[in-house]
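A.B. asks: Dropping a structure here in structure tokens format, bear with me for questions.
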Amino acid sequence: MTAETETRRWLVVGLGNPGPEYAGNRHNAGFMVLDELAARVGGRFKAHRSRAEVVEGRLAGHPVVLAKPRSYMNLSGGPVKALADFYKVPPAEVIVVHDELDIPYGALRAKFGGGDNGHNGLRSITNALGTRDYFRVRFGIGRPPGRMDPAVYVLRDFATAERKDLPLLVDRAADVVESLITRGLAETQNRFHGADLNPAKPPR
């Protein structure tokens, strides 16, 4: 690993909605992972003029800016663009952690680029950055049961059966972020894409 790689600053963004009423929601999985990363860095989130809370520090020896937008999910792009400009981080060194309906609960996926798959937070970020070429860590939450509206489902807290495994999944998602920074995409995918949990299914 070169000195340039080690000094490159990464912007890691967790998606969610601000406010205690949203804290346990499936849609706030990104915020949960960022809280774990902040604990690893040893910092506390502080308000930033970009309409986000940030922690600056080093993760596995690499400079990082950890960020939680305070603009609500569907408007996440504005704060992310402002932070990328402020810290001079190119899109290719941005990692976005978000919930993903089309991945089952217990699974984590890493990717670079691609579409937003109907995720309004990602759509906002892509529009603001002017590119789809940034990293994503996709935290599987699964599809809603029955005919439940996905918009309702994502704004509900994780089910009781799911919460048993939630701390482990949050910790593992933080490991995925760390691996992307230290090992790159291919090795991260090889390591984590075959290591899904099979937690108890929540009651329907």
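Placement of Cβ uses the backbone N, Cα and C atoms for every residue, glycine included.
Keep in mind it's a predicted model, so treat the numbers as computed, not measured.
If you look up TrEMBL, you'll see Asn17 marked as site 'Discriminates between blocked and unblocked aminoacyl-tRNA'. For Tyr22, Tyr72, Asn74, Asn120, the entry in TrEMBL reads tRNA binding site. Sequence annotations record features per position, and here TrEMBL assigns active site, proton acceptor to His27. Summarising the annotation, TrEMBL assigns site 'Stabilizes the basic form of H active site to accept a proton' to Asp99.
Just tell me what is around each of these and how deep it sits.
C.D. replies: Cβ-based neighbour count (10 Å, all protein chains) for Asn17 (site 'Discriminates between blocked and unblocked aminoacyl-tRNA') stands at 21.
A sphere of 10 angstroms centred on the C-beta of Asn74 (tRNA binding site) encloses 12 other C-beta atoms.
Non-local contacts of His27 (active site, proton acceptor) by the CB criterion (under 8 A, 6+ apart in sequence, same chain) comprise Leu15, Gly16, Asn17, Met73, Asp99, Val154, Leu155.
Look at Asp99 (site 'Stabilizes the basic form of H active site to accept a proton'): DSSP puts it in a strand.
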